[in-house]
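This report refers to the structure that appears directly beneath it.
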Amino acid sequence: MDKLLLWMSVFTSLLSEAFAQTDLNQKVFVFPRESETDYVKLIPWLEKPLQNFTLCFRAYSDLSRSQSLFSYSVNSRDNELLIYKDKVGQYSLYIGNSKVTVRGLEEFPSPIHFCTSWESSSGIAEFWVNGKPWVKKGLQKGYTVKSSPSIVLGQEQDTYGGGFDKTQSFVGEIADLYMWDSVLTPENIHSVDRGFPPNPNILDWRALNYEINGYVVIKPRMWDNKSS
């Protein structure tokens, strides 16, 4: 019996290290190297088909090459929802494997606060970088983002949960990631930018379910890019 209890204790400890629910306020995921093995898998609080969403996060990288910032894959589509930084000042949003690209002024290297929202009824996608709105774009009007996703930070999924390419990997720090099943108002976006997110119900940095794979480290956030 003692051996069984000891084994269960060790198993529970190992499991808690691999899979955790944590308040990561004022902390970052550090992706310190280019790789095809280092990533964080996120487990959403709410799993449902999405006809609206808003996603916000902070990121800090000194890479000028393209890199994946947020990868949401389903069995039928690898780029069901993808945020991809093509280069400095240029980002692409993929929904259902279709994409739009948005461009704007951006300091480099410098931390960014990035938000995007999309509504199925109009197909309109909105973008906010460091609290400032960028040009709206339109894609996939009438579409529904599929449920049961594999959500990954640090890599771009070319297959469900895998198919990583180190030349698309993120190198840097990610923090304050939140996701809602609704389109936030401009006032809400500014609240998120100031550090007061209004009750995220899909992904919540303050109560995040995640699994670290490979060389990813949690550290205190030493930078701030709040714009207001």
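Glycine too: its Cβ is placed from the backbone N, Cα and C atoms.
Listed in Swiss-Prot for this protein:
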type	residues	note
BINDING	ASP78, ASN79, GLU156, GLN157, ASP158	Ca(2+) 1 binding site
BINDING	GLU156, ASP158, GLN168	Ca(2+) 2 binding site
DISULFID	CYS56-CYS115	disulfide bond
CARBOHYD	ASN52	N-linked glycosylation site
SIGNAL	1-20	signal peptide
In sequence order, which residues at least six apart in the same chain have a CB under 8 Å from the CB of ASP158 (Ca(2+) 1 binding site)?
ASP78, PHE164, ASP165
Restricting the comparison to the recorded positions ASN52, CYS56, CYS115, GLN168, which residue's C-alpha is spatially nearest the C-alpha of ASN79 (Ca(2+) 1 binding site)?
GLN168
Using a 10 Å cut-off between Cα atoms, which of these recorded positions sit near GLN168 (Ca(2+) 2 binding site): ASN52, CYS56, CYS115, GLU156?
GLU156
Candidate with the highest Cβ count within 10 Å, taken from the binding-site residues ASP78, GLU156:
GLU156
An 8 Å radius from the center of the GLU156, ASP158, GLN168 Cβ atoms defines the neighbourhood of the Ca(2+) 2 site; name the other residues of that chain inside it, in order.
SER68, SER71, ASP78, GLN155, GLN157, GLY163, PHE164, ASP165
In Å, rounded, how far does the Cα of CYS115 (disulfide bond) sit from the Cα of GLU156 (Ca(2+) 1 binding site)?
19
Densest Cβ neighbourhood among ASN79, GLN157 (binding-site residues), 10 Å radius:
GLN157
A 10 Å Cβ contact count, applied to the recorded positions ASN52, GLN168: which residue has the minimum?
ASN52
Other residues near the Ca(2+) 1 site, CB within 8 A of the CB centroid of ASP78, ASN79, GLU156, GLN157, ASP158?
SER68, SER71, SER73, LEU82, THR159, GLY163
With Cβ-Cβ distance below 8 Å and at least 6 positions apart along the chain, what are the contacts of CYS56 (disulfide bond)? List them in sequence order.
HIS113, PHE114, CYS115, TRP128, ASP176, LEU177, TYR178, MET179, ILE189, VAL192, ASP193, PRO197
DSSP three-state assignment (helix, strand or coil) for GLN157 (Ca(2+) 1 binding site):
coil
